[in-house]
Amino acid sequence: MRMNNKELSKRLQEGTWQEIMPSLWEAMQAKVDQMIIQIGDKSPHVAPPDTGKYDDMRHDWWTAGFWPGILWIMYDLTGKPHYREKAWSWDERFEQKSVQDNNFHHDVGFQYLPTAVVKYKLTGDQAGRRRGLAAANFLAGRYNMAGKFLRAWNQDKTGWSIVDSSMNLSLLFWAAEEIKDPRFDMIARAHADTVVEHFIRPDGSVNHIVSFDPYTGEVIESLGGQGAGPDSSWSRGAAWALHGMANTYRYTQDKKYLHAAQRVAHYFLAMLPEDSVPHWDFRAAESLVDEPRDTSAGSCAASGLLELADALPPVQGRPYREAAERIMLGLTRHYGVWDKPDYEAILTCGTGNKPADSNIDVSLIYGDYYYVETLAKLLGWKNRIF
Ligand code: GLY
């Protein structure tokens, strides 16, 4: 018999990670089933804490793949067709948008990997394959040969590149394998080399934006972007680098990416507060006590730590797995919403863009996605999306 919400909340507060995981998995299925009813056809991005209701964001927004991504993971883990049915149409929606006025950019990996590509992997759907390859072509077309980077955003940001793109490289690696064409692999490796050289600092902290001269490729400056400043340390940027470089190692087996991911991981873990859930920027202020957390940085980093654990022999991988479990325990206990049936999101206390005063202490669909992805990996799920 299913536990009621109060019993479940109590159980989640008391046990070790190993003890709570079965109850959490049970709760997650109930939660996602409820979210399906609540979210309907919306493209969720942000839910404010007072209502817990997800918004309905435009379909070419960078976050539009995460809700269907949750559904595809649930389908893969359970085999239940209602998850597949709810996820099915999303890559078609993107394709329709791609032939209209749109703002697709460097983040097509975040959109097409958890929709078109995973759909093709799990069902063999040829339209999903076609759309995934079209997105990879689009991303490859954003490569700047002088600076060896994938350019960020659109409009006038011609020479800008951002650390977030580390996570989009899996789309290029997938395409290279899928059609046996090394061009995609070469572009992904070249961009990853730029991340290692210009974004990941010697101490393992990470820049958000690097501005290059788009004609000569020379570095002009580093910019703070969504972090507190050019020398600060935006925690979600670190999570993107950690997870992205670990993925790049999985595809290439080149140790320089493994070591880059480890460097970021060691820094990230050293900066965590007592509950293992990061503040939005590790260098936001001398004291971080009053600074908001970013649960999305925590869940994304936890998933990346599990990639590191899998990449290494057990004796070396164990500390990364245990660190991922500590982050998951902190997220589950202190930020998971298990006893408010009307609340549409899984985690509270994400921070979208603090310098722009935008989306602070809210639920974020990508925080929810990486939480589900990490739980799935800890349950033994093998079909990687990123
Ligand atoms: N990719 C944008 C962000 O992390 O907010």
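Each Cβ is built from the backbone N, Cα and C atoms, and glycine gets one as well.
Binding site for substrate per TrEMBL: Asp164, Arg236, Trp240, plus Asp107 from the candidate set Asp91, Asp101, Asp107, Asp310. Of the chain residues outside the substrate site list Asp107, Asp164, Arg236, Trp240, Phe110, Ile162, Val163, Ser165, Ser166, Met167, Gly237 have their Cβ within 8 Å of the site's Cβ mean position. Cα spacing between Arg236 (substrate binding site) and Asp107 (active site, nucleophile): 15 Å, rounded to the nearest whole number.
With a 10 A radius on its CB, Arg236 (substrate binding site) counts 29 other CB atoms from all the protein chains. In three-state terms derived from DSSP, Asp107 (active site, nucleophile) belongs to neither a helical nor a strand segment and is classed as coil. Largest CA to CA distance in the substrate binding set (Asp107, Asp164, Arg236, Trp240): 15 Å, whole number.
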